[in-house]
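Okay, structure first, notes after.
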Amino acid sequence: MKKNSKEVNRRDFLKITSRFTAATIFIGLGGSELFAANHENHNEISIPTVTLNNGIKMPRLGFGTNTLVDAVGVRSVSEAISVGYRLIDTAHIYGNEAAVGEGIRLSGIDRKKLFVTSKLWVDFAGYEKTKKAFETSIKKLGVDYLDLYLIHRPRGDVKGSWQAMEELVAAGKIRAIGVSNFDPEQLKELMSYAKIVPAINQIETNVFLQESILYPFLKGSATQMEAWSPLAAGRSGIFSNPTLAAIGKKYEKSIAQVCLRWHYQRGVIAIPRSSQKAHMIENLNIFDFELTASDMQTIASMDINTTQFPEWK
Ligand SMILES: NC(=O)c1ccc[n+]([C@@H]2O[C@H](COP(=O)([O-])OP(=O)(O)OC[C@H]3O[C@@H](n4cnc5c(N)ncnc54)[C@H](OP(=O)(O)O)[C@@H]3O)[C@@H](O)[C@H]2O)c1
(Lines of atoms letter the chains of each structure in order from A and count residues from 1; the text may use other names and numbers.)
(Lines give C-alpha, C1' and ligand atoms only; values in the text may rest on other atoms or scores of the structure.)
Protein backbone atom coordinates (compact mmCIF):
# COMPACT_ATOMS: atom_id res chain seq x y z
CA MET A 1 0.00 0.00 0.00
CA LYS A 2 1.34 3.42 -0.96
CA LYS A 3 1.68 5.98 1.81
CA ASN A 4 -0.41 9.11 1.70
CA SER A 5 1.79 11.78 0.15
CA LYS A 6 -0.34 14.77 1.14
CA GLU A 7 1.45 18.10 0.73
CA VAL A 8 2.48 19.61 4.02
CA ASN A 9 2.30 23.19 5.08
CA ARG A 10 5.58 23.08 6.94
CA ARG A 11 5.74 26.81 7.55
CA ASP A 12 2.42 26.73 9.42
CA PHE A 13 3.58 23.89 11.60
CA LEU A 14 6.86 25.62 12.40
CA LYS A 15 5.02 28.81 13.24
CA ILE A 16 2.97 26.93 15.80
CA THR A 17 5.86 24.92 17.21
CA SER A 18 8.06 27.99 17.63
CA ARG A 19 5.61 29.38 20.21
CA PHE A 20 6.25 26.35 22.35
CA THR A 21 9.90 25.71 21.64
CA ALA A 22 11.08 29.15 22.69
CA ALA A 23 11.28 28.04 26.29
CA THR A 24 12.72 24.63 25.62
CA ILE A 25 16.17 23.43 24.81
CA PHE A 26 16.64 21.64 21.52
CA ILE A 27 20.19 20.60 21.12
CA GLY A 28 19.53 18.00 18.45
CA LEU A 29 21.39 14.89 17.52
CA GLY A 30 25.01 14.32 18.17
CA GLY A 31 24.95 15.08 21.89
CA SER A 32 28.30 14.04 23.26
CA GLU A 33 26.88 12.18 26.26
CA LEU A 34 26.61 8.45 26.04
CA PHE A 35 24.43 5.90 27.74
CA ALA A 36 27.26 3.85 29.19
CA ALA A 37 26.39 0.24 29.76
CA ASN A 38 28.50 -2.45 31.28
CA HIS A 39 28.54 -5.42 28.98
CA GLU A 40 28.23 -8.70 30.82
CA ASN A 41 31.74 -9.48 29.58
CA HIS A 42 32.81 -6.14 31.13
CA ASN A 43 33.50 -4.39 27.85
CA GLU A 44 31.90 -1.00 27.84
CA ILE A 45 29.24 -0.38 25.18
CA SER A 46 28.45 3.28 24.80
CA ILE A 47 25.27 4.21 23.01
CA PRO A 48 25.17 7.83 21.85
CA THR A 49 22.22 9.91 23.03
CA VAL A 50 20.02 12.61 21.59
CA THR A 51 18.84 15.50 23.74
CA LEU A 52 15.08 15.78 23.40
CA ASN A 53 13.24 19.11 23.23
CA ASN A 54 12.80 19.19 27.02
CA GLY A 55 16.51 18.63 27.71
CA ILE A 56 16.36 14.94 28.63
CA LYS A 57 18.70 12.47 27.00
CA MET A 58 17.51 9.40 25.11
CA PRO A 59 19.67 6.60 23.65
CA ARG A 60 19.79 6.66 19.85
CA LEU A 61 19.51 2.88 19.67
CA GLY A 62 17.14 0.78 21.75
CA PHE A 63 15.37 -2.55 22.04
CA GLY A 64 11.90 -3.25 20.59
CA THR A 65 9.68 -5.82 22.29
CA ASN A 66 6.59 -6.30 20.12
CA THR A 67 5.65 -10.05 20.10
CA LEU A 68 8.18 -10.85 22.86
CA VAL A 69 5.68 -12.04 25.43
CA ASP A 70 5.71 -14.17 28.57
CA ALA A 71 8.93 -16.13 29.25
CA VAL A 72 10.48 -15.10 25.92
CA GLY A 73 9.80 -11.47 26.79
CA VAL A 74 11.35 -11.77 30.24
CA ARG A 75 14.45 -13.51 28.92
CA SER A 76 14.87 -11.26 25.88
CA VAL A 77 14.58 -8.02 27.84
CA SER A 78 16.95 -9.23 30.53
CA GLU A 79 19.46 -10.39 27.88
CA ALA A 80 19.12 -7.17 25.92
CA ILE A 81 19.98 -5.17 29.03
CA SER A 82 22.87 -7.51 29.86
CA VAL A 83 24.45 -6.94 26.43
CA GLY A 84 24.10 -3.17 26.68
CA TYR A 85 20.66 -1.89 25.67
CA ARG A 86 19.29 0.85 27.90
CA LEU A 87 16.24 2.01 25.90
CA ILE A 88 13.39 -0.52 26.12
CA ASP A 89 10.23 0.02 24.02
CA THR A 90 6.94 -1.61 24.99
CA ALA A 91 3.21 -0.82 24.71
CA HIS A 92 -0.06 -1.83 26.33
CA ILE A 93 -1.16 -3.54 23.11
CA TYR A 94 1.91 -5.83 23.02
CA GLY A 95 0.53 -7.55 26.13
CA ASN A 96 4.03 -7.80 27.58
CA GLU A 97 4.45 -4.91 30.01
CA ALA A 98 4.56 -7.32 32.95
CA ALA A 99 7.14 -9.50 31.18
CA VAL A 100 9.21 -6.45 30.26
CA GLY A 101 9.10 -5.32 33.89
CA GLU A 102 10.19 -8.74 35.06
CA GLY A 103 13.03 -8.72 32.51
CA ILE A 104 14.18 -5.36 33.82
CA ARG A 105 14.22 -6.62 37.41
CA LEU A 106 15.95 -9.86 36.39
CA SER A 107 18.72 -7.85 34.70
CA GLY A 108 19.63 -6.42 38.09
CA ILE A 109 20.23 -2.97 36.66
CA ASP A 110 19.14 0.16 38.48
CA ARG A 111 15.88 1.21 36.82
CA LYS A 112 17.10 4.83 36.77
CA LYS A 113 19.80 3.80 34.29
CA LEU A 114 17.14 2.68 31.81
CA PHE A 115 14.97 4.62 29.41
CA VAL A 116 11.56 2.92 29.44
CA THR A 117 8.92 3.74 26.81
CA SER A 118 5.30 2.59 26.78
CA LYS A 119 2.31 3.61 24.69
CA LEU A 120 -1.34 4.47 25.19
CA TRP A 121 -3.59 2.21 23.13
CA VAL A 122 -6.48 3.68 21.09
CA ASP A 123 -9.16 2.14 23.33
CA PHE A 124 -8.01 4.45 26.13
CA ALA A 125 -8.11 7.74 24.23
CA GLY A 126 -9.51 10.60 26.32
CA TYR A 127 -8.59 12.38 29.54
CA GLU A 128 -9.85 10.00 32.25
CA LYS A 129 -9.06 6.77 30.41
CA THR A 130 -5.52 7.93 29.68
CA LYS A 131 -4.81 8.57 33.36
CA LYS A 132 -6.09 5.09 34.24
CA ALA A 133 -4.27 3.39 31.36
CA PHE A 134 -1.00 5.04 32.38
CA GLU A 135 -1.39 3.80 35.97
CA THR A 136 -2.12 0.29 34.69
CA SER A 137 0.97 0.35 32.46
CA ILE A 138 3.39 1.44 35.19
CA LYS A 139 1.84 -1.04 37.62
CA LYS A 140 2.35 -3.90 35.15
CA LEU A 141 5.88 -2.74 34.45
CA GLY A 142 6.57 -2.41 38.19
CA VAL A 143 8.04 1.08 37.80
CA ASP A 144 6.93 4.35 39.35
CA TYR A 145 7.58 6.54 36.32
CA LEU A 146 8.05 6.26 32.56
CA ASP A 147 10.80 7.97 30.62
CA LEU A 148 8.58 8.26 27.56
CA TYR A 149 4.86 7.73 27.01
CA LEU A 150 3.45 7.85 23.48
CA ILE A 151 -0.03 8.07 22.01
CA HIS A 152 0.15 4.87 19.97
CA ARG A 153 -2.08 5.97 17.10
CA PRO A 154 -3.93 9.19 16.22
CA ARG A 155 -7.43 7.93 16.99
CA GLY A 156 -10.27 9.19 19.21
CA ASP A 157 -9.95 11.97 21.76
CA VAL A 158 -6.27 12.79 21.27
CA LYS A 159 -6.77 16.21 22.88
CA GLY A 160 -8.05 14.72 26.14
CA SER A 161 -5.22 12.19 26.18
CA TRP A 162 -2.60 14.84 25.58
CA GLN A 163 -3.93 17.01 28.40
CA ALA A 164 -3.81 14.02 30.77
CA MET A 165 -0.26 13.24 29.65
CA GLU A 166 0.82 16.86 30.16
CA GLU A 167 -0.53 16.65 33.71
CA LEU A 168 1.37 13.39 34.30
CA VAL A 169 4.56 15.16 33.20
CA ALA A 170 3.83 18.00 35.62
CA ALA A 171 3.25 15.42 38.37
CA GLY A 172 6.68 13.90 37.72
CA LYS A 173 5.26 10.57 36.53
CA ILE A 174 6.54 10.83 32.92
CA ARG A 175 9.79 12.46 31.78
CA ALA A 176 8.81 13.00 28.14
CA ILE A 177 5.66 12.57 26.06
CA GLY A 178 5.20 12.03 22.37
CA VAL A 179 3.18 10.40 19.65
CA SER A 180 3.37 7.52 17.22
CA ASN A 181 2.06 7.14 13.67
CA PHE A 182 1.10 10.82 13.37
CA ASP A 183 1.31 12.47 9.95
CA PRO A 184 2.17 16.18 9.64
CA GLU A 185 -1.49 17.25 9.57
CA GLN A 186 -2.19 15.31 12.76
CA LEU A 187 0.87 16.85 14.42
CA LYS A 188 -0.27 20.32 13.41
CA GLU A 189 -3.69 19.66 14.90
CA LEU A 190 -2.09 18.51 18.17
CA MET A 191 0.16 21.56 18.24
CA SER A 192 -2.85 23.87 17.99
CA TYR A 193 -3.70 23.11 21.64
CA ALA A 194 -0.63 21.42 23.11
CA LYS A 195 1.30 23.06 25.91
CA ILE A 196 4.09 20.50 25.52
CA VAL A 197 5.64 19.89 22.11
CA PRO A 198 5.79 16.13 21.38
CA ALA A 199 9.35 14.97 22.07
CA ILE A 200 9.05 11.98 19.72
CA ASN A 201 7.06 10.75 16.73
CA GLN A 202 7.59 6.99 16.43
CA ILE A 203 6.77 5.81 12.94
CA GLU A 204 7.38 2.93 10.61
CA THR A 205 10.50 3.68 8.62
CA ASN A 206 13.12 1.49 7.03
CA VAL A 207 14.97 1.20 3.73
CA PHE A 208 11.72 0.39 1.92
CA LEU A 209 9.77 3.25 3.51
CA GLN A 210 11.95 6.31 3.91
CA GLU A 211 9.19 8.86 4.60
CA SER A 212 10.31 11.46 2.09
CA ILE A 213 7.77 13.99 3.40
CA LEU A 214 7.58 13.27 7.11
CA TYR A 215 11.36 12.84 7.51
CA PRO A 216 12.35 16.38 6.41
CA PHE A 217 9.28 17.77 8.14
CA LEU A 218 10.35 16.32 11.51
CA LYS A 219 13.97 17.33 10.88
CA GLY A 220 12.81 20.91 10.71
CA SER A 221 10.75 20.67 13.89
CA ALA A 222 11.46 20.06 17.57
CA THR A 223 10.02 16.54 17.43
CA GLN A 224 12.57 13.73 17.13
CA MET A 225 11.84 10.89 14.71
CA GLU A 226 12.04 7.31 15.99
CA ALA A 227 11.85 4.26 13.70
CA TRP A 228 9.61 1.29 14.38
CA SER A 229 10.28 -1.82 12.31
CA PRO A 230 13.74 -0.39 11.52
CA LEU A 231 14.61 -3.77 9.97
CA ALA A 232 11.29 -3.93 8.07
CA ALA A 233 10.29 -6.61 10.60
CA GLY A 234 12.42 -8.99 8.53
CA ARG A 235 9.93 -8.78 5.65
CA SER A 236 10.35 -8.16 1.89
CA GLY A 237 13.51 -10.26 1.83
CA ILE A 238 15.47 -7.59 3.65
CA PHE A 239 18.00 -10.03 5.14
CA SER A 240 18.91 -11.37 1.70
CA ASN A 241 18.83 -8.08 -0.17
CA PRO A 242 21.86 -8.02 -2.51
CA THR A 243 22.30 -4.23 -2.45
CA LEU A 244 22.49 -4.14 1.35
CA ALA A 245 24.68 -7.26 1.41
CA ALA A 246 27.17 -5.63 -1.01
CA ILE A 247 27.40 -2.52 1.15
CA GLY A 248 27.86 -4.62 4.28
CA LYS A 249 30.62 -6.67 2.67
CA LYS A 250 32.82 -3.58 2.32
CA TYR A 251 32.80 -3.08 6.08
CA GLU A 252 32.44 -6.72 7.16
CA LYS A 253 29.03 -5.84 8.54
CA SER A 254 25.69 -7.64 8.30
CA ILE A 255 22.59 -6.35 6.53
CA ALA A 256 21.00 -5.59 9.92
CA GLN A 257 24.04 -3.52 10.90
CA VAL A 258 23.99 -1.61 7.59
CA CYS A 259 20.30 -0.79 8.11
CA LEU A 260 20.78 0.32 11.70
CA ARG A 261 23.82 2.40 10.80
CA TRP A 262 21.74 4.02 8.04
CA HIS A 263 19.08 5.05 10.60
CA TYR A 264 21.79 6.35 12.91
CA GLN A 265 23.40 8.46 10.18
CA ARG A 266 19.99 9.87 9.25
CA GLY A 267 19.54 10.97 12.87
CA VAL A 268 16.65 8.59 13.49
CA ILE A 269 16.40 6.57 16.72
CA ALA A 270 15.97 2.84 15.99
CA ILE A 271 14.52 0.12 18.24
CA PRO A 272 15.26 -3.25 16.59
CA ARG A 273 13.67 -6.30 18.16
CA SER A 274 15.32 -9.66 18.52
CA SER A 275 14.72 -12.78 20.55
CA GLN A 276 18.27 -13.98 19.85
CA LYS A 277 21.18 -12.80 21.93
CA ALA A 278 23.62 -13.00 19.01
CA HIS A 279 21.38 -10.67 17.00
CA MET A 280 21.00 -8.30 19.96
CA ILE A 281 24.79 -7.99 20.19
CA GLU A 282 25.18 -7.68 16.41
CA ASN A 283 22.61 -4.88 16.30
CA LEU A 284 24.51 -2.88 18.92
CA ASN A 285 27.77 -3.01 17.01
CA ILE A 286 27.14 -0.19 14.57
CA PHE A 287 29.26 2.57 16.04
CA ASP A 288 32.63 1.50 14.59
CA PHE A 289 32.03 2.11 10.89
CA GLU A 290 30.54 4.77 8.67
CA LEU A 291 28.49 4.57 5.48
CA THR A 292 29.77 6.87 2.75
CA ALA A 293 27.62 9.46 1.01
CA SER A 294 27.53 7.10 -1.95
CA ASP A 295 26.28 4.20 0.26
CA MET A 296 23.62 6.51 1.67
CA GLN A 297 22.57 7.45 -1.86
CA THR A 298 22.39 3.81 -2.91
CA ILE A 299 20.13 3.05 0.05
CA ALA A 300 18.03 6.16 -0.71
CA SER A 301 17.31 4.61 -4.12
CA MET A 302 15.77 1.55 -2.41
CA ASP A 303 12.79 3.57 -1.17
CA ILE A 304 9.54 2.15 -2.53
CA ASN A 305 7.42 4.17 -0.08
CA THR A 306 5.65 1.01 1.01
CA THR A 307 4.59 -0.19 4.43
CA GLN A 308 5.31 -3.75 5.56
CA PHE A 309 1.96 -3.73 7.38
CA PRO A 310 -0.83 -2.80 4.92
CA GLU A 311 -3.24 -4.66 7.20
CA TRP A 312 -2.72 -2.03 9.93
CA LYS A 313 -3.75 0.96 7.83
N1 LIG B 1 4.53 2.44 17.33
C2 LIG B 1 4.08 1.44 16.59
O3 LIG B 1 2.99 1.49 16.01
C4 LIG B 1 4.94 0.21 16.44
C5 LIG B 1 4.58 -0.78 15.52
C6 LIG B 1 5.41 -1.89 15.38
C7 LIG B 1 6.56 -2.00 16.14
N8 LIG B 1 6.87 -1.03 17.08
C9 LIG B 1 8.11 -1.15 17.90
O10 LIG B 1 9.24 -1.25 17.04
C11 LIG B 1 9.99 -2.42 17.40
C12 LIG B 1 10.75 -2.97 16.22
O13 LIG B 1 9.91 -3.32 15.14
P14 LIG B 1 9.52 -4.82 14.76
O15 LIG B 1 9.56 -5.63 15.99
O16 LIG B 1 8.26 -4.78 14.00
O17 LIG B 1 10.60 -5.30 13.72
P18 LIG B 1 12.18 -5.10 13.43
O19 LIG B 1 12.92 -4.71 14.65
O20 LIG B 1 12.27 -4.24 12.21
O21 LIG B 1 12.60 -6.58 12.99
C22 LIG B 1 12.52 -7.66 13.86
C23 LIG B 1 12.83 -8.93 13.08
O24 LIG B 1 14.20 -8.88 12.63
C25 LIG B 1 14.89 -10.05 13.09
N26 LIG B 1 16.25 -9.63 13.40
C27 LIG B 1 16.63 -8.73 14.34
N28 LIG B 1 17.97 -8.56 14.32
C29 LIG B 1 18.44 -9.37 13.35
C30 LIG B 1 19.73 -9.63 12.85
N31 LIG B 1 20.82 -9.01 13.35
N32 LIG B 1 19.86 -10.55 11.85
C33 LIG B 1 18.77 -11.19 11.33
N34 LIG B 1 17.52 -10.98 11.77
C35 LIG B 1 17.35 -10.06 12.77
C36 LIG B 1 14.14 -10.55 14.29
O37 LIG B 1 14.26 -11.95 14.40
P38 LIG B 1 15.08 -12.66 15.61
O39 LIG B 1 14.19 -12.56 16.82
O40 LIG B 1 15.26 -14.04 15.10
O41 LIG B 1 16.36 -11.91 15.79
C42 LIG B 1 12.70 -10.19 13.92
O43 LIG B 1 12.13 -11.18 13.11
C44 LIG B 1 8.90 -3.35 17.93
O45 LIG B 1 9.41 -4.47 18.58
C46 LIG B 1 8.13 -2.39 18.80
O47 LIG B 1 8.80 -2.14 20.02
C48 LIG B 1 6.09 0.07 17.22
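Yeah, the Cβs are placed from backbone N, Cα and C, and that goes for glycine too.
Per TrEMBL, the feature active site, proton donor maps to TYR94. Counting only same-chain residues six or more apart in sequence, the Cβ atoms lying under 8 angstroms from the Cβ of TYR94 (active site, proton donor) belong to THR65, ASN66, THR67, LEU68, VAL69.
Around the Cβ of HIS152 (substrate binding site), the same chain contributes ALA91, HIS92, ILE93, LYS119, LEU120, TRP121, VAL122, SER180, ASN181, each under 8 angstroms and 6 or more positions distant in sequence. When secondary structure is read from DSSP and collapsed to three states, HIS152 (substrate binding site) falls in the coil class. If you look up TrEMBL, you'll see HIS152 marked as substrate binding site.
TrEMBL lists 62-303 with the feature domain 'NADP-dependent oxidoreductase'.
The feature site 'Lowers pKa of active site Tyr' is assigned by TrEMBL to LYS119.
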Relative to the Cβ position of LYS119 (site 'Lowers pKa of active site Tyr'), how many further Cβ atoms are located within 10 Å?
25
With DSSP assignments reduced to helix, strand and coil, which class does TYR94 (active site, proton donor) get?
helix
DSSP state at LYS119 (site 'Lowers pKa of active site Tyr'), helix/strand/coil:
strand
